[in-house]
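Engineer: Let me give you the structure first, and then I'll get to my questions.
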2 protein chains.
Amino acid sequence: QGTRDHPPAQAALRDRLLSAVVSCFKRHGAAAIDTPVLELRETLMGKYGEDTKLIYELQDQGGELLALRYDLTVPFARYLAMNKISNIKRYHIAKVYRRDNPATTRGRYREFYQCDFDIAGQFDPMIPDAECLKIVHEILSDLQLGDFVIKVNDRRILNGVFAVCGVPESKFIPACSTVDKLDKMPWEEVRSEMVGEKGLSPEAADRIGEYVQLHGGLDLIERLLQDPKLSQNKLAKEGLGDMKLLFEYLTLFGITGKISFDLSLARGLDYYTGVIFEAVLLQQEKEHVEEAVSVGSVAGGGRYDGLVGMFDPKGRKVPCVGVSIGIERIFSILEQRLEASGEKLRTTETQVLVATPQKHLLAARLKLISELWDAGIKAEMLYKKDPKLLKQLQYCEDTGIPLAAIVGEQELADGVVKLRDVATREEVRM
Amino acid sequence: QGTRDHPPAQAALRDRLLSAVVSCFKRHGAAAIDTPVLELRETLMGKYGEDTKLIYELQDQGGELLALRYDLTVPFARYLAMNKISNIKRYHIAKVYRRDNPATTRGRYREFYQCDFDIAGQFDPMIPDAECLKIVHEILSDLQLGDFVIKVNDRRILNGVFAVCGVPESKFIPACSTVDKLDKMPWEEVRSEMVGEKGLSPEAADRIGEYVQLHGGLDLIERLLQDPKLSQNKLAKEGLGDMKLLFEYLTLFGITGKISFDLSLARGLDYYTGVIFEAVLLQQEKEHVEEAVSVGSVAGGGRYDGLVGMFDPKGRKVPCVGVSIGIERIFSILEQRLEASGEKLRTTETQVLVATPQKHLLAARLKLISELWDAGIKAEMLYKKDPKLLKQLQYCEDTGIPLAAIVGEQELADGVVKLRDVATREEVRM
């Protein structure tokens, strides 16, 4: 339940999608790494807040207690600490596991791919952070998924907001995960969850509401830097200063048109410490085909400066910022789009079918195809001793093979091959 | 334990290796598929003989009882039956899991990659089987791993041998797994395991010994076809007839020089029904470097005509033959070879570093690098506001970036960029 097989057509589409993403990661100078699907249970515990319950645990069959990785970020941090790496730019594309309620039509599975790009190291503020946003912008533009917006916020700004609204520090994380629901429910419901479930005072909730419903650009940053309460809070001031710097860099990249500083963005995970961001596709109301796929976030990430230190015996910190591309949702969109277009994706790359028009010529086919393979040519033949020529040509048409190399008795006698263009039926002897 | 992280240098080498294997699979017209790492426990049970105990089981957290796949063959068969596919040529490269005693120096891990190519469908005898052997030959030749031999046998011949030697049918499978150890222990030990642990009579064991120590080519096949006892056994006769046909096809492919018909080859898995094969590298005694890696089998496979039927509600059979490339062992060899050569593999593909020779030029770097990225050029810059030029050029040398695009005050004023070849120090303004 919540997993799926990928038949050839899907595997081919996924390949195409992943290679677009990988080529962007490589364009930004990232190296690939790989880590095991299995992690020690203790590595994963206490990193995912309320979602820790979604971790798949392996049976205790003797030896270490193991679990399946929930994302690629925690294993990455574990890898950095274990190998004392303080500086790396890497990407990692692999499957992760969540014992969640699957919603497969919306691209939510229990086993799914994540595509992560992260920059680890002590650098000057906001330069790597800006590059992560540039990457999201490049990938979403390259894939032509339609209009999108990248929401940006900062955990320090949110925490500053909670503090100046009178929320005790112990309730920052629960308050955060409630604010994060503002994209799915109206403020009234979020407010009542804050007061009811999370135990905030109604006054605090109302004050929070005034902030978290704001969104804008550099102008909003400037306004909040002048805000009498917020400007007195050290964390918020730091966050707003960095946000201003980020917008300067994004202006130089020419991408601020798609960026929105949005105070309602909170993101659920415990480990974020600074900038956070999330890209959402904007619904295109005109195209009915795409409305059927209810997409939301297609990329997200942020800064997590404390996570590596949790795995280091001496608590040595390695600041990190990264982005995860929501490949499964994007895949759903591309799949639906391909289906609507009626285009048939080839699942193989075969260039030529080796065929015979008469019986008793299997040996000739085997000799020729062997020569082609040895010359690096992608070639197939039917696994029949005496197939009909029509069947062989039909196979070419069904699978998109453009050429047939035909050896008949005459060709054998003349020492030639007849090469046929399947679509035009043109033939040359060679 | 028994798993490992792949740092960038290893990931890059693995990528290079896998793409050589994939390009061979594609040359033979295979399509890619993907299946989940998780399978229902019941799918995996009863397929792996004595090795069933090595399957990783997930904890029962409510819902289905799950396990991690042990290989890619059983999931492939399950996929064919579930989707009623009776005809496909596919490859699949993915991780599998075995709760085995790891021997990491010999490339044996608990999590490791398998690279499988299989042909499913009802075809004329031995044509797909011959192609699988051709593929092993191509891959091992392409990778230049040194001399190798591909041992071939047939389960029907082995079963015929057991029958004519007086082994009861119920003991065929245990006898098979003992014979399989002949490549690791002398005949005397294999014989005593047969008599002691497996309960064969000493006479039967001696008679088996006369057969399973034979190996050769077409001549041996002809001789056994004349064998007074074996030629009376229906299964053995079928197997020998097909083996003869296989050798004819392999002769047309021009690869019999590396093929050995070897009656001691048995292979441990329950599901094989016909041809089986295994490729081993031959030790090169002169090169001491390679002796350190104790390699054995680097590819194996065979025909399994009954496996798909085990998953079909109506028992509908789909004949299959396939090969699995032992990518981990090959990887160990290549890794050791690379180390010995002192060659440094680049882990990134960055073409140009955007650099500045003076302070206060971060904005110029950000603008230029953004232009380069948008033009599809692989570019990096240091994440520092004011890095020293020397540091920037040093970074190029350390990571193998061939070019530096330098923008200084003069270049900005002139509206040009200075492009520097890092190795030759040649510079052009453009």
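We number each residue from 1, going along the chain as drawn.
The backbone N, Cα and C atoms fix where each Cβ goes, glycine too.
Whatever TrEMBL says is automated annotation, not expert-curated.
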Engineer: Record says B:Asp71, B:Leu72, B:Thr73, B:Gln114, B:Asp118, B:Arg267, B:Tyr271, B:Tyr272 bind L-histidine. Source is TrEMBL. Which of B:Arg41, B:Arg98, B:Arg99 does it list for that same site?
Structural biologist: B:Arg98
Engineer: Translate the DSSP assignment of B:Thr73 (L-histidine binding site) into the three-state scheme.
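Structural biologist: The three-state answer is helix.
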Engineer: Neighbour count, 10 Å Cβ-Cβ cut-off, for B:Thr73 (L-histidine binding site): what number do you get?
Structural biologist: 26
Engineer: To what whole number does the mean pLDDT across the domain 'Aminoacyl-transfer RNA synthetases class-II family profile' (B:1-357) round?
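Structural biologist: Mean pLDDT, the domain 'Aminoacyl-transfer RNA synthetases class-II family profile' (B:1-357): 92.
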